[in-house]
Amino acid sequence: MQESKQLTPLMRQYNDIKSKNTDLIVFFRLGDFYEMFDSDAREASRILGIALTQRGGVPMCGVPYHAAANYISKIIKEGRKVGICEQVGTGEGKSKLFERKIVRVITPGTVIEDNMLQSNVSNYLVCVFTDKKGWGAAAIDVSTGEFWVTEQADDISLNGLSCMLAALNPAEILLDKITLDRVKSSMMIPGSVATTIVPREESSQIPSNWPSQSVWAGKKTALTCALTAIKYINVNEPGFKDLLIPFYKEISDYLALDENAVRTLELVSQNGARKGSLWHLLDFTVTPMGGRTLKNWILNPLLNLADIEKRQNCVSNFYDNPLAYEELKVILADISDIERIMSRVGTGNAGPRDLAGLARSLAVHGALKNWFDKYGAVVPYLKENILSKITVIEDLANLLNSAIEPNPPIKISDGGIIKQGFNAELDDLRNTKNNSSKTLAELCEREKAKTGISTLKVGFNSVFGYYIEVSKGQSGKVPFSYTRKQTLTNAERFITEELKEIEDKILHAEEKILRLETSLFDSVRKHLAEHIGVMRSFAKAIAELDVYSNLAHCAKVYKFTKPVIDESNILKAADLRHPVVEACLPLGSFVPNDIDLGGETQISVITGPNMGGKSVYLKQAAVLVILAQMGSFVPAASAHVGIVDKIMTRIGAQDAIAMGQSTFMVEMKETSHILASCTPKSLILLDEVGRGTSTFDGISIAWAITEFLYKPHGGGAKVLFATHYFELTDLENKYKGIKNFHAEVQEYKDADGQSKIAFLYKIKEGAGDKSYGIHVGELAGLPATVIVRAKKVIKDLEAKKGTSVSKKEDDIVGDLFSSPIVEEIKLVNTDAVTPMQALQMILEWKKRINS
Ligand SMILES: Nc1ncnc2c1ncn2[C@@H]1O[C@H](COP(=O)(O)OP(=O)(O)OP(=O)(O)O)[C@@H](O)[C@H]1O
């Protein structure tokens with residue numbers, strides 16, 4: 001920043017405002033532009049891709065005022081907040097400087113404008129506070145009015161919080177310093193999410209429209225979160241007061257998916273994009289509410305059997321009634337984003353096009369009623385729910401239909417929003433205005449005849465009002481009674497007394513029309529706001545209808561079947577597929593596989609070549625559970641799913657350099673989290689755990705982890721463990737519930753006699769013994785010299801050791817385990833020690849003997 005004495009008054013004003021709002025990118029209004037300065041300018045020019053210039057040595061950049069919304073939306077998508085600083089004074093006084101102040105703060109979690117939101121994605125502001133043993137949270141989507149709180153009093157490791165944040169993917173998080181330190185250390189909040197440190201609002205004053213005191217008993221942290229979040233929202237968007245009413249949600253009612261599971265299973269995004277995710281594949285919804293609900297269901301599968309069956313039955317009914325689906329789709333296609341429009345209605349921000357959209361949406365009431373008369377049995381509980389509101393919907397539809405033009409302009413100030421016939425006074429004024437236009441046309445003809453100027457015309461502009469225009473060539477014929485107003489290159493403009501009078505009449509009528517239209521629009525908007533509760537619940541029911549019919553459609557398109565669901569520990573499916581991978585491959589080329597866990601087999605150790613299909617096999621098991629528990633059909637010939645409480649995954653390599661953690665450290669942290677929090681009802685996917693370190697350490701860790709997870713007689717979590725450590729296949733001989741599988745390949749010789757492999761993608765019982773890593777390297781295009789050399793090296797190594805490299809290591813460990821000379825080893829339970837630990841103990845022991 002420049003020395004303050006060198007600064008212009010304007011820059012001093014800017015610095016003063018900026019110093020009080022350091023966390024905001026300040027959009028500083030100068031004429032028709034919002035300007036940004038200094039560090040804000042540098043950041044904004046990077047985010048927005050606009051030129052950075054200099055003024056008096058200060059970096060600056062700017063965006064046109066009328067196009068600001070698009071730029072603001074890009075900035076808040078980066079997790080930053082924007083302060084809109086407007087001119088509020090008159091610019092009078094000694095300095096002649098306009099007074100300016102921040103009139104609105106736009107934050108990622110409090111936006112309501114459509115062009116700043118993704119239509120099918122909820123936009124959550126989450127407030128979280130930890131306490132001694134657990135945590136509480138409030139989640140609010142101000143754009144739809146969704147608001148719930150939850151609390152877990154006994155979750156010291158914050159596992160539940162991590163799952164909740166993964167499912168919500170918040171746009172903005174409010175927390176205090178203590179909470180931030182705790183969640184930061186467990187890597188729960190991605191760096192791109194806006195976080196704001198706020199003090200806890202610990203008032204005992206519960207707003208009168210919130211659930212009563214009794215609901216909050218024992219939920220002190222949740223209440224604090226709710227009050228803090230509301231306070232924050234009210235500062236930024238005061239219009240929301242009274243519109244947000246929380247309900248208590250027990251998050252332990254939902255299957256827990258932690259951040260790793262959500263990311264690695266690519267449930268809602270693949271490398272940050274929706275395309276390629278399960279959500280994208282399943283989404284045929286026709287309403288924005290339906291799209292959001294589908295995503296919500298994927299990320300929050302249910303645990304309660306009755307609730308799952310209720311959803312499953314609705315999907316099943318639609319599946320059996322394709323006509324019900326087809327007819328419903330046509331009706332739903334006319335429905336706009338009722339939830340978000342109603343939020344704007346409630347806060348007074350709805351524009352003409354919002355109400356026109358609402359009018360179209362509510363006009364479906366008749367068709368919807370007929371649909372329920374015909375197909376009500378398909379979704380019995382929604383029939384009652386929707387029909388009980390249909391009279392209110394019909395009334396509001398009639399009001400909107402009679403009041404609002406179907407294709408109004410964007411802004412109220414452009415006029416032409418209220419329909420003819422809705423208000424007699426408005427119709428009168430419009431007549432006056434229209435007749436005046438006729439009068440203007442008559443005046444034009446009269447003046448032409450009087451002056452003999454054939455090119456004479458009457459026009460209007462916002463600076464001079466109405467004028468008579470005469471081309472330069474004929475200006476000599478203009479009578480003295482004309483007063484010159486403007487000279488153009490080819491024409492002259494004049495006014496006359498008569499024209500002035502007509503202008504007065506017209507402008508007067510126009511002003512009155514605009515004022516009246518605005519007030520009529522406001523009264524319609526206010527009337528709608530009185531029914532916000534009914535409309536939100538109507539929108540919710542529409543969203544469910546959309547998702548049920550959508551899931552039935554998916555079942556048809558992707559050939560899903562209805563799974564058996566119960567409280568058992570079984571996870572069994574015949575010809576199971578991964579729907580997303582299948583959709584990417586040529587038709588019919590995906591190879592289905594069976595799975596059978598939770599009965600005789602608790603842990604499957606899956607070996608086989610690179611690229612053999614092991615990871616896909618693991619992931620499809622998780623997708624099976626998620627689909628089944630969200631109420632959908634599943635991609636298998638048949639399936640039996642005992643309700644799973646958590647899906648935990650350790651898949652793929654990822655490091656967190658920013659947090660000072662190596663790939664292997666992250667891998668170990670994630671694994672220890674799994675071991676600490678899995679239950680007998682969990683499903684665990686481990687893909688090559690232990691490979692980020694030396695072979696010995698890796699095998700030892702993988703071995704010990706598997707033993708840790710093993711609980712005889714089906715009492716442990718169901719585990720699928722894909723590995724290249726052939727040594728782990730020995731576990732099958734030691735433990736009854738551990739079984740080996742392998743991904744099958746076929747070796748063959750090509751025309752040149754070179755040995756090649758074909759991947760069959762069939763997961764078969766028994767152990768696979770080769771990794772074919774060099775073949776895969778060849779397929780991936782490693783230089784031929786590298787491949788030839790690698791083949792030579794492996795031959796030499798195998799010749800030296802007599803067998804495969806890691807197999808030999810395992811023999812050494814095995815020999816040492818059973819070594820008769822190691823008396824001390826007998827004192828410990830060898831089942832509880834990893835081979836690596838055993839090896840180290842023996843070396844220690846030897847050292848001691850030798851010394
Ligand atoms: N069942 C299947 N049917 C058809 N193609 C499959 C199947 N499973 C996997 N594939 C194809 O093989 C590719 C590799 O599969 P996957 O990632 O599961 O291999 P992997 O055995 O885990 O390999 P690595 O050990 O190298 O991680 C997939 O991207 C997919 O194109």
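Along the chain as shown, residues are numbered 1 onward.
Even glycines carry a Cβ here, placed using N, Cα and C.
Annotation source Swiss-Prot lists ATP binding site at GLY608, PRO609, ASN610, MET611, GLY612, GLY613, LYS614, SER615, citing sequence analysis.
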- Select one residue from GLY608, PRO609, GLY613: among these binding-site residues, choose the one with the most other Cβ atoms within 10 Å of its Cβ. GLY608
- Query: Is any of PRO609, ASN610, SER615 (binding-site residues) within Cβ reach of ligand 1, i.e. under 6 A, and which?
  - Reply: ASN610, SER615
- Message: Let me check the 10 A CB neighbour count of MET611 (ATP binding site). How many other CB atoms are there?
- Response: 18
- Task: Enter the number of other CB atoms within 10 angstroms of the CB of ASN610 (ATP binding site).
- Result: 19
- In sequence order, which same-chain residues at least six apart have a C-beta under 8 angstroms from GLY612 (ATP binding site)? HIS742, ALA743, GLU744, VAL745, PHE759, TYR761, GLY768, TYR772
- Determine the Cβ neighbour count for LYS614 (ATP binding site): the number of other Cβ atoms within 10 Å of its Cβ. 26
- Task: Identify all same-chain residues not among GLY608, PRO609, ASN610, MET611, GLY612, GLY613, LYS614, SER615 whose C-beta atom falls within 8 angstroms of the centroid of the ATP site's C-beta atoms; report them in sequence order.
- Result: ALA722, ALA743, PHE759
- Task: Could you check what DSSP calls LYS614 (ATP binding site) once collapsed to helix, strand or coil?
- Result: helix
- Reduced to three states, what secondary structure does DSSP give GLY608 (ATP binding site)? coil
- Query: Near the Cβ of SER615 (ATP binding site), how many other Cβ atoms are there if near means within 10 Å?
  - Reply: 21
